[in-house]
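As given in TrEMBL:
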BINDING   130, 193, 224, 255, 400  UTP binding site
BINDING   225  substrate binding site
């Protein structure tokens, strides 16, 4: 693993100095692991008995991750051994068939919907879980998700449960919010992903002194969405759903508004469209890569298995190859379908071996720490019979920035039972490319204050806005529009303005008189 040996060499307090370098590194690793175990035992001593069993399970998971971190040197993928994707590896969504109406209810009753709900809205200037940010008609990500599933349950008289994977950052607020859905025809379950200790980059040991997470929140972190599998099992929900006869989970980020339950994909897994005797254990939804997605993870064939390749795993000299739309045509949407029985089998066999993402951070107090994380899609190689499905771009509609929010709030979409549907007036299926300046638009509150109402974007291809710019009511943006206010100047786009293939720069302020 990149940098692991350098880090290990800085572990303090070694008495032995073996002459052989390899032996020295092995001794250093053994030392680090023994000292970690000691530290974790000490942390667990600070916990009341009622919490101990659950936390011991979590710390076992952390210890296993840490042990692998120490063992893995060098890249997880040798570039020259990446093979071309076999023809059947990625199915085209257009080849999938709709099931017979009479079978849909039975299929839905074998499904569990899981949303990754561990993130905060801080990057968009909001407090609390990201899922409670209003995105359209005053509806939040969570509202829209509940509406979608309730619509399915009512339409087909089915019982699809919604499961939220929270983190210690979002669980308290989420539990309060979901009370309002009591009267809805959706059963909602929650569980928390693990809470792992950040480790010092110098000593490779936890910086936490006890398990009082609230009072020392900087010492802890949620270890990425790859933690889903183990935490789902630890919560008891995996076994519960298996005992109910459920077969698959559909998992996605809660901020991806395109990630709705797809009947055609479900039909390929358990319906009329199922092919062959062996079940498909894992599906990764991918979509065509554009220049905006060059950093997104892609699907590769490696050691006779499909697996996810992230940019962090790519050697520096091959980063341009990785970004090439010709070489790697698809990228991962993080919409995953996984067979519940297979998840349990892989976990029980202890063969869930996802690449470790080493996330280096410097805390506000100057302490340099490491977070060990994993990604949910990286588990693909641990399953048998995994496939990719090349889905329409409409199934990937994440809201990461206010530029995404502008699109989903606009007349490009209408809202139908919690799902966004692109306007038939839009001539082409791709969404416009929007770049809004960070200084004036990055926080939701400020972003909203700059628009009297959201402009008409039906015919927009590309929008760039930089500087102090405001928009009047009923503005229409078409083609390529670039608006740049110079430092110290302000541009007010007047009400009713139609900007088509225009560059607006300098100072344009319309004053009342």
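Keep in mind that glycine also has a Cβ here, set from the backbone N, Cα and C atoms.
On a predicted model such as this, the values are computed, not experimentally measured, just so you know.
Taking a C-beta cut-off of under 8 Å and a sequence gap of six or more, residue 255 (UTP binding site) has these contacts in its own chain: 119, 130, 131, 141, 398, 399, 400. The most densely surrounded of the binding-site residues 225, 400, judged by C-beta neighbours within 10 angstroms, is 225. Sorting the binding-site residues 130, 193, 224 by the number of other Cβ atoms within 10 Å puts 193 first. Reported as a whole number, the C-alpha separation between residue 193 (UTP binding site) and residue 225 (substrate binding site) equals 8 Å. In this structure the residues listed as binding UTP are 130, 193, 224, 255, 400; their two most distant Cα atoms lie 21 Å apart.
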